[in-house]
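Down below is the structure, laid out as structure tokens.
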Amino acid sequence: MRKIIINGGKALSGEVAVSGAKNSVVALIPAIILADDIVILDGVPAISDVDSLIEIMELMGATVNYHGDTLEIDPRGVQDIPMPYGKINSLRASYYFYGSLLGRFGQAVVGLPGGCDLGPRPIDLHLKAFEAMGVEVSYEGENMNLSTNGQKIHGAHIYMDTVSVGATINTMVAATKAQGKTVIENAAREPEIIDVATLLNNMGAHIRGAGTDIITIQGVQKLHGTRHQVIPDRIEAGTYIALAAAIGKGVKITNVLYEHLESFIAKLEEMGVRMTVEEDAIFVEKQESLKAITIKTSPYPGFATDLQQPLTPLLLKADGRGTIIDTIYEKRINHVPELMRMGADISVIGGQIVYQGPSRLTGAQVKATDLRAGAALVTAGLMAEGKTEITNIEFILRGYASIIAKLTALGADIQLIED
């Protein structure tokens, strides 16, 4: 069993570069199945989710070359075969294969997706959209069968009952090679959706409106190869910004797009965090007094649900009482009992996280229960006095590229060990 060991209390300084966006690349890779030639992605993060996706692509017949942060995929050998259940079950973003396989073959046999357990986030919205496009859905054991019965998937007018990044991307991908026009209303607006649309348009797709709540896709017959730069990971950027404010004495975070983090930065400024926004970087100063605030997550451009857990340790450093309300994933509270083990004055009351600061954290044995909870525990361990041991770290490695090396370069006493 692998663990992360942190000896906390050391102030961090220096520069850290943000990697390519996890939430983009897990959709970009499956979308490449639609291409009729080689596609190259630059800025691909070195995370285990990418490794899993590459393995799935190779099992399906794609030729893959991965060097540094450049990923080259030739999808021409991809075959219409049942997808490997084990990998699918461990990877929530595996549902992005639904749209690309339907777009290319008109059918797919897939296992139900896994990933972090954050409460209800069903794929019903995806399936409702597919059914509107002529897809029949059936189940056999742990597999789901999607089929157009030999017909070409067709365009449709689709209204998303709930704003959903995954369903928006999946529908957009499926519609790219559909017959006719597809309109998605109440679409999610996240930057990652724009990134996927940019890749597809560079391949020859006709997608308009990505980043707004109405997306229009005119289906095309062929998509050529291209080269695409993955956008920076706004969640990783926010994690390092919060970490720098919590335990830094001058940290510069580079490869940052400020416009993707405006709501997050606004809440930090409300706390009193001192930082300087540069063209593609943010410099976070050593902090003095901070004020407790209330956080309420909402769809983009609101405060990202993926950032409420990584921000929590910094909130524990603030003076006063505050609350965290996650309107997206109600079960995103599993980091709370782990922080309590470290001495945090924090609890869950009526579905809301309530904290009282400042809390003095001490090292403890804790468990990462999901990706962003794991990030919160890393920051808390760096803040704490003494030794912190984090288990279940596979969640952390799913989404944070080279996290041990990046933090070590900032002066952290952190290591990954095999037990």
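Glycine too: its Cβ is placed from the backbone N, Cα and C atoms.
In Swiss-Prot this protein carries:
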BINDING   K22, N23  phosphoenolpyruvate binding site
BINDING   R92, R121, P122, I123, D124, L125, D306, I328  UDP-N-acetyl-alpha-D-glucosamine binding site
MOD_RES   C116  2-(S-cysteinyl)pyruvic acid O-phosphothioketal
ACT_SITE  C116  active site, proton donor
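Shown on the structure are the features that Swiss-Prot records.
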residue : record                                        : contacts (Cβ under 8 Å, 6+ apart)
K22     : phosphoenolpyruvate binding site              : P45, I47, D49, D233, I235, E236, R398, G399
N23     : phosphoenolpyruvate binding site              : V165, E190, E192, D233, I235, D306
D124    : UDP-N-acetyl-alpha-D-glucosamine binding site : none
L125    : UDP-N-acetyl-alpha-D-glucosamine binding site : M160, D161, T162, S164, G166, A167
I328    : UDP-N-acetyl-alpha-D-glucosamine binding site : T297, S298, P299, T305
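Every protein chain shown contributes to the tally, and the Cβ of D306 (UDP-N-acetyl-alpha-D-glucosamine binding site) ends up with 23 other Cβ atoms within 10 Å. In the three-state DSSP reading, D124 (UDP-N-acetyl-alpha-D-glucosamine binding site) counts as helix. Under DSSP, N23 (phosphoenolpyruvate binding site) is assigned to a helix (H, G or I) in the three-state scheme.
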